[in-house]
Amino acid sequence: MMGAARKASRNLVRDYGEVEHLQVSKKGPADFVSSADLKTEKALRAELKKARPGFGFLLEEGGEIAGDDTSHRWIIDPIDGTTNFLHGIPNFCISIALERDGELIAGVVYQPLGDEMFHAEKGAGAFLNERRLRVSARRKLEDTLIATGIPFIGRPGHETFLKELAAVMPQVAGIRRFGSAALDLAYVAAGRCDGYWETGIKPWDIAAGIVLVKEAGGYVTDFQGGSKMLDNGEILAANDHLHQPLLKLLRTARG
Ligand code: IPD
(Lines of atoms letter the chains of each structure in order from A and count residues from 1; the text may use other names and numbers.)
(Lines give C-alpha, C1' and ligand atoms only; values in the text may rest on other atoms or scores of the structure.)
Protein backbone atom coordinates (compact mmCIF):
# COMPACT_ATOMS: atom_id res chain seq x y z
CA MET A 1 0.00 0.00 0.00
CA MET A 2 2.76 2.45 0.94
CA GLY A 3 4.73 1.57 -2.19
CA ALA A 4 1.65 2.11 -4.37
CA ALA A 5 0.92 5.48 -2.72
CA ARG A 6 4.52 6.65 -3.11
CA LYS A 7 4.71 5.56 -6.73
CA ALA A 8 1.37 7.12 -7.70
CA SER A 9 2.30 10.36 -5.94
CA ARG A 10 5.19 11.09 -8.35
CA ASN A 11 2.91 12.15 -11.21
CA LEU A 12 0.57 13.81 -8.74
CA VAL A 13 3.33 16.10 -7.47
CA ARG A 14 4.26 16.91 -11.08
CA ASP A 15 0.62 17.74 -11.87
CA TYR A 16 0.40 19.92 -8.75
CA GLY A 17 3.25 22.01 -10.14
CA GLU A 18 1.26 22.60 -13.34
CA VAL A 19 -2.21 22.63 -11.92
CA GLU A 20 -3.43 25.37 -14.27
CA HIS A 21 -2.97 23.01 -17.25
CA LEU A 22 -5.04 20.15 -15.86
CA GLN A 23 -8.37 19.17 -17.35
CA VAL A 24 -11.03 19.73 -14.72
CA SER A 25 -14.68 18.75 -14.88
CA LYS A 26 -17.52 19.12 -12.42
CA LYS A 27 -19.32 16.11 -10.93
CA GLY A 28 -21.72 18.48 -9.13
CA PRO A 29 -21.62 21.96 -7.56
CA ALA A 30 -18.14 22.42 -6.03
CA ASP A 31 -17.41 18.74 -6.75
CA PHE A 32 -14.50 18.65 -9.14
CA VAL A 33 -12.55 15.87 -10.78
CA SER A 34 -9.27 16.58 -12.55
CA SER A 35 -7.18 14.52 -14.91
CA ALA A 36 -4.80 14.14 -11.92
CA ASP A 37 -7.52 12.38 -9.87
CA LEU A 38 -8.17 9.96 -12.73
CA LYS A 39 -4.49 9.30 -13.47
CA THR A 40 -3.66 8.74 -9.81
CA GLU A 41 -6.58 6.39 -9.32
CA LYS A 42 -5.54 4.39 -12.39
CA ALA A 43 -1.94 4.14 -11.15
CA LEU A 44 -3.03 3.02 -7.67
CA ARG A 45 -5.40 0.45 -9.08
CA ALA A 46 -2.72 -1.00 -11.36
CA GLU A 47 -0.15 -1.24 -8.53
CA LEU A 48 -2.56 -2.83 -6.04
CA LYS A 49 -3.92 -5.23 -8.63
CA LYS A 50 -0.38 -6.36 -9.36
CA ALA A 51 0.16 -7.08 -5.65
CA ARG A 52 -3.26 -8.69 -4.96
CA PRO A 53 -4.92 -9.62 -8.27
CA GLY A 54 -8.19 -10.89 -6.80
CA PHE A 55 -9.14 -8.03 -4.47
CA GLY A 56 -12.07 -5.75 -5.32
CA PHE A 57 -12.11 -1.94 -5.27
CA LEU A 58 -14.26 0.93 -4.10
CA LEU A 59 -12.90 3.97 -5.90
CA GLU A 60 -13.91 7.61 -5.59
CA GLU A 61 -13.95 8.09 -9.33
CA GLY A 62 -14.44 4.54 -10.68
CA GLY A 63 -17.00 3.27 -8.16
CA GLU A 64 -17.32 -0.35 -7.05
CA ILE A 65 -15.32 -2.98 -8.96
CA ALA A 66 -15.90 -6.54 -7.77
CA GLY A 67 -12.92 -8.91 -7.48
CA ASP A 68 -12.71 -12.72 -7.50
CA ASP A 69 -11.81 -12.56 -3.82
CA THR A 70 -15.08 -11.19 -2.45
CA SER A 71 -13.82 -10.86 1.11
CA HIS A 72 -11.21 -8.17 0.35
CA ARG A 73 -11.53 -4.73 -1.18
CA TRP A 74 -9.41 -1.61 -1.42
CA ILE A 75 -11.16 1.69 -0.64
CA ILE A 76 -9.36 4.51 -2.42
CA ASP A 77 -9.46 8.28 -2.70
CA PRO A 78 -6.76 9.23 -5.23
CA ILE A 79 -6.78 12.87 -4.08
CA ASP A 80 -8.51 13.69 -0.84
CA GLY A 81 -8.58 17.47 -0.78
CA THR A 82 -9.18 17.96 -4.51
CA THR A 83 -10.36 21.54 -3.96
CA ASN A 84 -7.11 22.37 -2.13
CA PHE A 85 -5.10 20.65 -4.88
CA LEU A 86 -6.82 22.66 -7.61
CA HIS A 87 -6.24 25.93 -5.75
CA GLY A 88 -2.54 25.24 -5.22
CA ILE A 89 -2.95 24.57 -1.50
CA PRO A 90 -0.64 21.72 -0.43
CA ASN A 91 -3.04 20.04 2.02
CA PHE A 92 -4.09 17.02 -0.03
CA CYS A 93 -3.28 13.31 0.12
CA ILE A 94 -3.73 9.82 -1.27
CA SER A 95 -5.92 7.62 0.92
CA ILE A 96 -5.97 3.81 0.69
CA ALA A 97 -7.75 1.42 3.05
CA LEU A 98 -8.05 -2.34 3.01
CA GLU A 99 -11.25 -3.99 4.13
CA ARG A 100 -11.61 -7.71 4.94
CA ASP A 101 -15.08 -9.19 5.41
CA GLY A 102 -16.49 -5.73 6.03
CA GLU A 103 -13.82 -4.78 8.59
CA LEU A 104 -11.17 -2.12 7.97
CA ILE A 105 -7.79 -3.75 8.60
CA ALA A 106 -5.21 -1.35 7.18
CA GLY A 107 -4.90 2.27 6.11
CA VAL A 108 -2.41 4.56 4.41
CA VAL A 109 -2.75 8.34 4.14
CA TYR A 110 0.12 9.89 2.19
CA GLN A 111 0.69 13.64 2.00
CA PRO A 112 3.27 13.74 -0.80
CA LEU A 113 4.42 17.35 -0.52
CA GLY A 114 5.44 16.97 3.11
CA ASP A 115 6.46 13.32 2.51
CA GLU A 116 4.25 12.35 5.44
CA MET A 117 3.29 8.66 5.25
CA PHE A 118 0.66 7.88 7.88
CA HIS A 119 0.05 4.12 8.06
CA ALA A 120 -1.62 1.58 10.31
CA GLU A 121 -2.53 -2.07 10.43
CA LYS A 122 -5.10 -3.53 12.75
CA GLY A 123 -3.35 -4.70 15.91
CA ALA A 124 0.06 -3.34 14.87
CA GLY A 125 -0.24 0.37 15.75
CA ALA A 126 -0.25 3.59 13.74
CA PHE A 127 2.84 5.37 12.43
CA LEU A 128 3.96 8.57 10.75
CA ASN A 129 6.86 7.39 8.63
CA GLU A 130 8.74 5.36 11.29
CA ARG A 131 7.39 7.17 14.35
CA ARG A 132 4.67 5.48 16.40
CA LEU A 133 1.55 7.61 16.80
CA ARG A 134 -0.67 8.20 19.80
CA VAL A 135 -3.79 10.37 20.00
CA SER A 136 -3.58 13.44 22.23
CA ALA A 137 -3.98 13.11 25.98
CA ARG A 138 -5.89 16.37 26.48
CA ARG A 139 -8.88 16.04 28.79
CA LYS A 140 -10.41 19.50 28.91
CA LEU A 141 -12.48 20.61 25.93
CA GLU A 142 -11.33 24.20 26.47
CA ASP A 143 -7.74 23.15 25.60
CA THR A 144 -8.57 21.32 22.40
CA LEU A 145 -8.11 21.95 18.69
CA ILE A 146 -10.90 20.32 16.69
CA ALA A 147 -11.02 19.74 12.93
CA THR A 148 -14.22 19.59 10.93
CA GLY A 149 -15.58 19.68 7.38
CA ILE A 150 -18.05 22.25 6.08
CA PRO A 151 -20.62 20.91 3.57
CA PHE A 152 -19.86 22.13 0.05
CA ILE A 153 -22.39 24.14 -1.92
CA GLY A 154 -25.08 21.79 -3.27
CA ARG A 155 -24.73 19.29 -0.41
CA PRO A 156 -27.35 19.02 2.32
CA GLY A 157 -26.64 19.78 5.96
CA HIS A 158 -25.64 23.46 6.01
CA GLU A 159 -28.11 24.39 8.75
CA THR A 160 -27.28 21.35 10.86
CA PHE A 161 -23.58 22.09 10.48
CA LEU A 162 -24.10 25.66 11.73
CA LYS A 163 -25.91 24.30 14.79
CA GLU A 164 -23.05 21.85 15.46
CA LEU A 165 -20.51 24.63 15.06
CA ALA A 166 -22.45 26.92 17.40
CA ALA A 167 -22.45 24.14 20.01
CA VAL A 168 -18.77 23.12 19.74
CA MET A 169 -17.07 26.48 19.02
CA PRO A 170 -17.59 28.19 22.41
CA GLN A 171 -16.34 25.09 24.27
CA VAL A 172 -12.98 24.50 22.55
CA ALA A 173 -9.73 26.40 22.01
CA GLY A 174 -10.01 26.35 18.22
CA ILE A 175 -11.68 24.83 15.18
CA ARG A 176 -9.94 24.10 11.85
CA ARG A 177 -11.27 23.33 8.38
CA PHE A 178 -8.24 21.91 6.56
CA GLY A 179 -10.09 20.51 3.52
CA SER A 180 -9.02 16.86 3.59
CA ALA A 181 -10.94 14.45 5.80
CA ALA A 182 -8.25 11.77 5.50
CA LEU A 183 -5.60 14.19 6.79
CA ASP A 184 -7.97 15.45 9.51
CA LEU A 185 -8.13 11.87 10.81
CA ALA A 186 -4.38 11.39 10.41
CA TYR A 187 -3.88 14.56 12.49
CA VAL A 188 -6.13 13.16 15.23
CA ALA A 189 -4.07 9.95 15.17
CA ALA A 190 -0.89 12.02 15.45
CA GLY A 191 -2.26 14.11 18.35
CA ARG A 192 -2.00 17.30 16.29
CA CYS A 193 -5.76 17.74 16.54
CA ASP A 194 -7.78 16.49 19.49
CA GLY A 195 -10.90 15.61 17.53
CA TYR A 196 -12.63 15.71 14.15
CA TRP A 197 -16.26 15.55 13.10
CA GLU A 198 -18.08 15.70 9.78
CA THR A 199 -21.33 14.55 8.18
CA GLY A 200 -22.15 13.71 4.57
CA ILE A 201 -18.69 12.20 4.16
CA LYS A 202 -17.92 9.34 1.73
CA PRO A 203 -16.26 6.00 2.59
CA TRP A 204 -13.10 6.73 0.56
CA ASP A 205 -12.55 10.01 2.49
CA ILE A 206 -12.46 8.32 5.91
CA ALA A 207 -11.76 4.57 5.60
CA ALA A 208 -7.96 4.74 5.94
CA GLY A 209 -8.11 7.47 8.60
CA ILE A 210 -10.43 5.38 10.77
CA VAL A 211 -7.77 2.66 11.01
CA LEU A 212 -5.14 5.28 11.88
CA VAL A 213 -7.15 6.80 14.74
CA LYS A 214 -8.15 3.44 16.22
CA GLU A 215 -4.59 2.13 16.06
CA ALA A 216 -3.36 5.34 17.70
CA GLY A 217 -5.64 4.64 20.66
CA GLY A 218 -8.56 6.90 19.69
CA TYR A 219 -12.30 6.40 19.34
CA VAL A 220 -14.19 6.70 16.07
CA THR A 221 -17.98 6.44 15.87
CA ASP A 222 -20.99 7.79 14.05
CA PHE A 223 -23.30 10.20 15.86
CA GLN A 224 -25.27 7.33 17.40
CA GLY A 225 -22.05 6.12 19.00
CA GLY A 226 -22.05 3.15 16.60
CA SER A 227 -19.67 2.04 13.87
CA LYS A 228 -21.69 2.65 10.69
CA MET A 229 -19.55 5.63 9.59
CA LEU A 230 -18.99 4.26 6.09
CA ASP A 231 -22.74 3.70 5.64
CA ASN A 232 -24.25 6.84 7.13
CA GLY A 233 -21.41 9.31 6.44
CA GLU A 234 -21.32 10.63 10.03
CA ILE A 235 -18.03 10.57 11.88
CA LEU A 236 -16.60 11.73 15.19
CA ALA A 237 -13.01 10.86 16.11
CA ALA A 238 -11.28 11.85 19.36
CA ASN A 239 -9.34 10.51 22.31
CA ASP A 240 -11.22 8.56 24.98
CA HIS A 241 -11.60 11.57 27.33
CA LEU A 242 -13.07 13.86 24.70
CA HIS A 243 -15.18 11.52 22.57
CA GLN A 244 -18.21 11.37 24.87
CA PRO A 245 -18.39 15.12 25.65
CA LEU A 246 -18.06 15.98 21.95
CA LEU A 247 -20.68 13.39 21.00
CA LYS A 248 -23.05 14.85 23.57
CA LEU A 249 -22.54 18.39 22.22
CA LEU A 250 -23.14 17.27 18.62
CA ARG A 251 -26.21 15.21 19.47
CA THR A 252 -27.75 18.01 21.52
CA ALA A 253 -27.07 20.50 18.72
CA ARG A 254 -28.75 18.25 16.14
CA GLY A 255 -31.83 17.89 18.41
C1 IPD B 1 -13.46 16.14 0.49
C2 IPD B 1 -12.50 16.46 1.62
C3 IPD B 1 -13.09 17.50 2.54
C4 IPD B 1 -14.42 17.09 3.10
C5 IPD B 1 -15.37 16.75 1.97
C6 IPD B 1 -14.77 15.69 1.05
P7 IPD B 1 -12.46 15.21 -1.86
O8 IPD B 1 -12.95 15.06 -0.29
O9 IPD B 1 -12.22 15.31 2.36
O10 IPD B 1 -12.26 17.75 3.66
O11 IPD B 1 -14.95 18.13 3.87
O12 IPD B 1 -16.59 16.28 2.55
O13 IPD B 1 -15.66 15.44 -0.01
O14 IPD B 1 -13.70 15.63 -2.60
O15 IPD B 1 -11.42 16.25 -1.84
O16 IPD B 1 -11.98 13.85 -2.18
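A Cβ is built for glycine as well, from the same backbone N, Cα and C atoms used for every other residue.
Listed features, source TrEMBL:
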BINDING   GLU60, ASP77, ILE79, ASP80, ASP205  Mg(2+) binding site
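Residue with the densest Cβ environment among the binding-site residues GLU60, ASP80: ASP80, by other Cβ atoms within 10 Å.
A Cβ within 8 Å of the Cβ centre of GLU60, ASP77, ILE79, ASP80, ASP205, the residues given for Mg(2+), is found for these other residues of the same chain: ILE76, PRO78, GLY81, THR82, CYS93, SER95, SER180, ALA181, ALA182, LYS202, TRP204. In the three-state DSSP assignment, the secondary structure recorded for GLU60 (Mg(2+) binding site) is coil.
The binding-site residues in question are ASP77, ASP205, and the one with the fewest Cβ neighbours inside 10 Å is ASP205. Other Cβ atoms within 10 Å of the Cβ of ILE79 (Mg(2+) binding site) number 30 in total over all chains.
Reduced to three states, the DSSP call for ILE79 (Mg(2+) binding site) is strand.
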